[in-house]
Amino acid sequence: MTFNDRIFGILLLVLAVAYGWGASQFPEPFGGAEAIGPETFPYLLAAVLGLSSLYLIVRPDPDNAWPWSRTGVELLIAMVVLVFYAALLEPLGFIVSTALAVGTLCWRMGAAPLRAFATGAISGVVVFLLFSYALDLSLPLGLLSFLEVS
Amino acid sequence: METLGFLIDGFGVALAPHNLMFGLMGAFLGTLIGALPGLGPANGVAILIPLAFTLGLAPETALIMLTAVYAGAMYGGRISSILLNIPGDEPAMMTCLDGYPMAQQGKAAEALAISAVASFMGSLIATIGLILLAPLLADFALTFGPAEYFALFLLAFATLGGITGKNPMKTVVAACLGLMISTVGIDNTGVQRFTFGVLELYEGVDFILAIVGLFAISELLFFIEEKAGGGKEKMSVNKLELSWADIRGIMPSSIRGGILGFIAGVLPGAGASLGSFIGYTLEKKVVGKKGYFGKGDPRGVAGPEAGNNGASSGALVPMLTLGVPGSGTTAVLLALLISLNITPGPLMFTQNADMVWGVIAALLIGNFLLLVLNIPLVGIFVKLLSVPPMYLLPIVTMIAFVGIYSISNTTFDLYFMVAFGIAGYILRKLEIPLVPIILGLLLGPEMEKNLRHALDIADGDWTILWNSGLAVGLWVFAALGLILPYIVGPILRRRMRAAEAAAGSEGD
């Protein structure tokens, strides 16, 4: 099967065209156009990417299997956890969000739930203390801000 | 000799107490990173860069620490090759061939000690080579004009896949993607390019978060897919019984391996994997019938291990003198230089002489530290091998998050990093190499600047790009770098596989 490379090649070709078109829309730099402007290098890149994506479409490599079914779900869970970790870092605070994110990841990777969340909580607290006291950098406390001493 | 004077100054920098302390810390962390499953050298250095910033280290201290991490990771990689038959990174593959059989015969401690000595010899030889060669190359590089630099960057991309690379076209695709990302932001004529009005994109995409995302986050996703969270069973290491005669026995192999490795490291497109492969095959040829390669011959551990470490120090030569890295990890070190506001390349040897020589001296000192650290502490590192990835990788991910967050204190960067991580996973599935993307991001601005200079000088005449003999030579080599993998690649790859298979069947 050679679908991966062909589909990816088509996507890249679209990207190359869009990128090249985007470059053609740049306003003329202040002081008038010169022999080489902000769009020259992008034009080159668009051309090279276009040609190499054509090559991928014409001569694709054999596919690597995508993980469907359960592993795929696990992967999606991990991706969602990462996005939520980024989103909740500030509102929930570093320690709570780390305990949840690291805990969930450990758990989904096969650790026993209790040990997984314990690992998450301990690593969150340790890194937080390390950052606040040893490195003097503040990480958000969020929900736990009532613990703030200073 | 001028070089000697610089080197002595360099020792002055490297031996300053705090630099020495961070060097030692880096060497220790590096070995840890190399030994831990699922954390290659490029990965490890990438995660530590943001932390080096948040620590507020002086540029030379940060650079010394991360170079020590780099050297340490190369040492650490061999531990899992020998004990688990799993190469920590690709160049360590050849160490498995004789290292693992030695461990099976109950000589794990000897194998580890021998490989430590061989690594030391390899790095030592290559560092001396670096000291001799780098200033010459830097002087030569001063004659480069913008057109030559443009061609040189092309050469760097073309040879990045290496002669043994699979599909050079995918390297081209990856390089283009990286260069495209590097054009995002306000260019030096003040024109906004591809910012889509998003304020955070005005200054372009920070390559550090791209690197951390592409390497560290995608690694996590890969481990989840392979369900490799359980880790490996504990290995026990016997008590070390190594005589001086044993060490003398492997010396010639180490020296040969180190020299070969250094050459392979300096040459574009060869890289550490080829270095250790040549090191191993040469040993087999030289020792001939007297050896028992593939069945636990100590020389089969020493040769490739010295070659691998020699190559990794050799790879620093083009990175320091030309600003053109030849491997993933040196690309990450280049990222560090750029973010410290140091322009790598020939001028660095004159403008930042104390720093360059400080780093080189730190490499020498780091080598001794690593040797001293590695033989008695090997037990600790071995214990770490049994840390299951299901705990390790989430924690590494958390450290990546903290590092990136602490640079800018915005969650926008974190989303970006996660996006790069997911993209990195998909690209790896498609066998698109990630290193050219990083290199494109790093070199993009310089490459465009040189192109503009060259064309401005020639008033828009494109032939300026291949107008000098030097430039033509670079173009030819770049073309060869893309064409050779199609011709020589399959043969070399088959040989490497054959060597591996043969050793595997004999070893069992």
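Glycine is no exception: its Cβ is also placed from the backbone N, Cα and C atoms.
Just so it is clear, the model here is predicted, and its values are computed rather than measured.
Residues of the same chain lying 6 or more positions beyond the ends of the transmembrane segment (B:20-39) and with a Cβ under 8 Å from any Cβ of it are 14, 48, 57, 61, 64-80, 86, 88-89, 219, 223, 228, 231-232, 362, 365-366, 369-370, 373-374, 381-382, 384-385, 387, 389, 392-393, 396. The feature transmembrane segment is assigned by TrEMBL to B:20-39 (among others).
If you look up TrEMBL, you'll see B:20-439 marked as domain 'DUF112'.
Residues or ranges marked as transmembrane segment by TrEMBL: B:45-71 (among others).
Residues or ranges marked as transmembrane segment by TrEMBL: B:111-134 (among others).
The annotation transmembrane segment is assigned in TrEMBL to B:140-160 (among others).
According to TrEMBL, the feature transmembrane segment maps to B:172-195 (among others).
The transmembrane segment feature in TrEMBL is assigned to B:207-224 (among others).
Note on the transmembrane segment (B:258-282): residues 90-95, 97, 121-126, 129-130, 133, 155-156, 158-164, 293, 300, 303-318, 324, 326-327, 477, 481, 484, 492, 496, 499 of its chain, located 6 or more positions outside it, place their CB under 8 angstroms from a CB of the stretch. Taken from TrEMBL, the feature transmembrane segment covers B:258-282 (among others).
TrEMBL lists B:322-343 (among others) with the feature transmembrane segment.
For the transmembrane segment (B:355-382), the list of distant contacts is 6-7, 9-15, 19-20, 23-24, 26-28, 31-32, 35, 59-60, 63-64, 67-68, 71-72, 75-76, 79, 83, 109, 112-113, 116-117, 119-120, 123-124, 127, 130-131, 134, 235, 237, 240, 313, 316, 320, 342, 348-349: same-chain residues at least six beyond its ends, Cβ to Cβ under 8 Å. Annotation comment: TrEMBL describes B:355-382 (among others) as transmembrane segment.
Here TrEMBL flags B:388-407 (among others) as transmembrane segment.
Here TrEMBL flags B:414-444 (among others) as transmembrane segment. Outside the transmembrane segment (B:414-444), and at least 6 residues removed from its termini, the chain residues within Cβ reach (under 8 Å) are 42, 153, 156-157, 160-161, 165-167, 170-183, 205-207, 209-218, 220-222, 323-325, 327-328, 331-332, 334-335, 338, 400-401, 404-405.
Per TrEMBL, transmembrane segment is recorded for B:464-488 (among others).
When Cβ-Cβ distances under 8 Å to the transmembrane segment (B:45-71) are tallied for each of B:140-160, B:172-195, B:207-224, B:322-343, the top count falls to B:322-343.
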